[in-house]
Amino acid sequence: MNASANLCAASANDPQPGDQEAAHPVACAGDEPAAFLPHDLPIFLVGMMGAGKTTIGRGLARALRREFIDLDHELEARCGVRVPVIFEIEGEAGFRRREAAALQECTQRRQIILATGGGAVLAAENRQALRERGIVIYLRASVEELFRRTSRDRNRPLLATADPRATLRELMVAREPLYNEVADLVIDTGSMPIATLVKSLLPKLQAYEKK
């Protein structure tokens, strides 16, 4: 039995909480009037695991009345299992193939906020799609801040190592040039409250013109 067949078997036997929600992302609503953008370009969030892509993405979606999609959750909905299970059955190469296929589809949608996985920028075709199809925001955080945010998260297969802090540092060295390569805007997340970050992002997005 090949890896894909194994994954299908795992999917059928081990449904995961939240899959239904992930499979049907809906536009977020809020009490404040929707912020205005002079374009319908999708907004793509890139950055390391723990940078705040999902949390900030949801905040932006609420402010802009846009649909929010988390690429990892989209993959989990399609496969029926969590990301660590995909890694376990198909390895990182198999996961990256699935990730690339989902990213190519999602980046063609208009008026969405898409939170990508930390390693989505590794593939050249992914970077090209991100650069050409929307506004890319690199959410930047220090290794220490990333470690603090991810140290208790068991849903991070790449950090299942003897020294997760050192692993984060190595991943940052390899990936940061790629984040900067695709980024239209770079935002330091630090310890700033999410609402403040989102509020500071809105005028930058309103003023931005895609080159």
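Indices start at 1 and increase along the chain as displayed.
From the backbone N, Cα and C atoms, a Cβ is placed for every residue, glycine too.
According to Swiss-Prot, the compositional bias 'Low complexity' annotation covers 1-13.
The region 'Disordered' feature in Swiss-Prot is assigned to 1-24.
Secondary structure at G50 (ATP binding site), taken from DSSP and collapsed to helix, strand or coil, is coil. Other Cβ atoms within 10 Å of the Cβ of G50 (ATP binding site), summed over all protein chains shown, number 22. Positions annotated as ATP binding site by Swiss-Prot, on the basis of sequence analysis: G50, A51, G52, K53, T54, T55, R156.
Remark: T54 (ATP binding site) has D70, A115 as non-local neighbours, by Cβ distance under 8 Å and separation of at least 6 in sequence. Annotated Mg(2+) binding site per Swiss-Prot: T54, in sequence order, evidence recorded as sequence analysis.
In the three-state DSSP scheme, R175 (substrate binding site) falls into the helix class. Neighbour list (R175 (substrate binding site), Cβ cut-off 8 Å, at least 6 residues apart, same chain): M48, G118, G119, V121, L122. Feature annotation from Swiss-Prot assigns substrate binding site to D72, R96, G118, R175.
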Simplified to three states, DSSP reports G118 (substrate binding site) as coil
Row G118 (substrate binding site), column other C-beta within 10 angstroms, all chains, value 23
So G52 (ATP binding site), by the Cβ count within 10 Å over all chains shown, scores 24
By Cα geometry, the one of the binding-site residues (G50, A51, T55, R156) nearest D72 (substrate binding site) is R156
